[in-house]
Amino acid sequence: MQTSLLVISIALKVLLYPTYHSTDFEVHRNWLAITHSLPLSKWYIENTSEWTLDYPPFFAWFEKFLAFFAAKVDPKIVQVDNLNYDTWITVYFQRTTVIVTELVLFWALQRLLKVMGNRPLQKILNWSLMLNPGLLMVDNMHFQYNGFLYGILVHSLVDAKQGNLLRSGILFAALLNFKHIFLYISLPYFAFLLRAYCFENSGNSIRARSWISAFRPFHLLALGLSVIAVFALSLGPFVALDQLPQLAGRLFPFKRGLCHSYWAANFWAIYSFVDRVLIIVVSKFPLLGQYLNLSLDPSALAATTRGLVGDTAFGVLPTVTAQHTLILTLLLQIPGFVAVFRRPTFDRFIGSIVLSAFASFLAGWHVHEKAILLCTVTMTVALANQLGATPNSGAGALADLRSSSSALTPRDVRAFMIVSLAGYIGLWPLFFTREETPIKVLITVLWFIIVGSGLDQCIPKPLNASPSSSAIGKSMLRYFTTLERLYVFGCVPVQLYVNVIHEALFGLETLAFLPLMITSVYAAVGVIYGWLLYSASYFSPSKVALDKKKKLR
């Protein structure tokens with residue numbers, strides 16, 4: 001089954017070779033050229049192209065490795081001044097590197113499957129990640145290397161599950177030096193590794209008087225030196241070149257605005273939408289604005305997205321700064337951090353990672369819509385962990401389910417499916433050409449049906465459950481509330497308007513940002529709702545109470 005899935009996955013991705021690719025394609029071609037043609041001292045200074053190198057050093061070395069083969073295929077690929085070079089051989093070569101490096105994810109999934117040991121899990125997990133709509137769209141169409149990077153993350157999580165905590169920490173430190181977006185989930189890693197690796201018997205809470213006796217100083221030393229060694233290997237050459245400030249400026253460009261040019265489906269999409277509504281209200285009804293004590297900032301009216309470059313300005317609502325988003329993100333991450341620090345089981349750890357990913361996506365500064373993958377991929381691993389602890393169907397299984405803090409529940413399925421659907425639809429505007437519309441719709445809908453139906457089979461059911469209730473079309477929505485079903489089916493008219501009706505009514509130029517805003521806001525509602533569901537499940541009193549009985553796995 002695993003080989004067949006790999007073949008199907010590769011075949012599908014090869015079929016996507018001729019599809020649209022974004023400016024990210026030229027970004028990575030330029031990085032190939034920079035790392036191949038220029039000395040190390042020029043990597044983070046070179047600016048011939050606007051697409052300057054802004055990933056950490058390990059990813060730059062990864063690009064240099066790929067550039068060795070690129071130069072053999074076509075030397076023009078690695079010429080720094082050969083901007084926007086996208087011949088068919090260049091496109092095919094770069095798309096092939098994405099598929100080949102995604103084997104890191106496939107390998108990680110095979111390790112994860114062996115650890116979890118739930119047979120129905122194989123179908124769900126493989127379909128959910130190897131044929132993941134988000135990865136297919138972002139990596140194999142839009143063009144990035146997320147499959148490779150998330151493969152490293154899954155390897156680290158598998159090691160954590162198996163108790164290989166030092167290696168898990170080293171892999172995560174390496175991952176941070178490939179792509180700094182993973183800093184968003186560093187707090188759970190810190191709490192888990194500190195408590196689980198540096199203290200004995202850390203599956204249970206440590207009483208105050210036993211902290212000293214439980215402390216493992218040599219483990220802390222080993223972990224600390226290992227992490228320092230990874231960062232020294234990555235950053236050391238740039239420290240020697242006195243380029244650390246330049247590197248930091250590339251990695252953390254806080255001069256960008258709160259929102260990306262296309263709003264990510266998060267808090268700030270809702271905030272920006274409310275601001276637009278209030279602008280209209282205050283403009284059309286000034287007396288109402290005065291009554292509500294709402295003032296209008298004229299300087300904010302000229303910008304449509306108000307976030308492409310520079311500071312984001314709002315017309316009515318207070319301006320949000322980078323400091324505000326940082327504080328809010330940390331506040332949202334602290335409860336999960338505390339939960340892991342108090343009781344560092346793997347169940348608590350993986351759930352806290354999911355919550356940290358949500359916090360950074362929902363409240364972060366200048367968040368890209370593609371960052372939803374950090375939420376959906378980690379949710380998939382968390383779901384796999386729950387599936388591994390879920391008993392088979394039957395009356396006895398229901399009793400086992402009630403006694404397990406990590407077993408899969410209907411609420412978990414609802415949260416996962418709603419977040420995934422909303423998040424992947426939130427990626428659709430990245431592909432604005434008509435040729436890609438049926439592709440992005442088809443892969444998302446098929447994934448939703450197949451994975452949703454498979455998850456239904458993994459949830460324990462009473463012996464007298466109706467056989468017809470597991471039919472496709474019913475299974476994936478069985479546990480959804482009426483409002484949740486309305487949201488799922490509401491995606492159809494929303495996307496009909498966005499892709500067909502709006503252009504028919506207004507053309508391409510009038511109210512051009514309205515379809516994007518509708519998609520962002522609708523997707524944001526689903527992502528926020530799914531986050532609330534997942535948070536309610538993670539912090540539910542029953543799960544917390546049951547988890548107290550469990551030792552570190």
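Cβ coordinates come from backbone N, Cα and C, glycine included.
Residues annotated as signal peptide in TrEMBL: 1-21. Distant neighbours of the signal peptide (1-21): 86, 91-92, 95, 98-99, 102, 106, 110, 122-123, 126-127, 130-131, 136, 140-143, 431, 433, 435-436, 439; these residues of the same chain sit at least 6 beyond its ends, with a Cβ under 8 Å from one of its Cβ atoms.
Residues annotated as transmembrane segment in TrEMBL: 181-199 (among others).
Residues or ranges marked as transmembrane segment in TrEMBL: 220-241 (among others). Sequence-distant contacts of the transmembrane segment (220-241), counting only residues of its own chain at least 6 positions beyond either end whose CB sits under 8 Å from a CB of the stretch, comprise 40-41, 44, 56-58, 165-166, 169-170, 173-174, 177, 193-194, 197-198, 247.
Per TrEMBL, the feature transmembrane segment maps to 349-365 (among others).
For 413-431 (among others), the entry in TrEMBL reads transmembrane segment.
Residues 410-411, 413-414, 417-418, 421, 425, 428, 441, 448-449, 452-453, 455-456, 459, 469, 515, 518-519, 522, 525-526, 529 of the same chain lie 6+ residues outside the transmembrane segment (476-498) yet bring a C-beta within less than 8 angstroms of a C-beta in it. Annotation comment: TrEMBL describes 476-498 (among others) as transmembrane segment.
Annotation comment: TrEMBL describes 510-534 (among others) as transmembrane segment.
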Inset, instruction - Return the stretch with the most CB pairs under 8 A relative to the transmembrane segment (349-365), choosing among 181-199, 413-431, 510-534. - result: 181-199
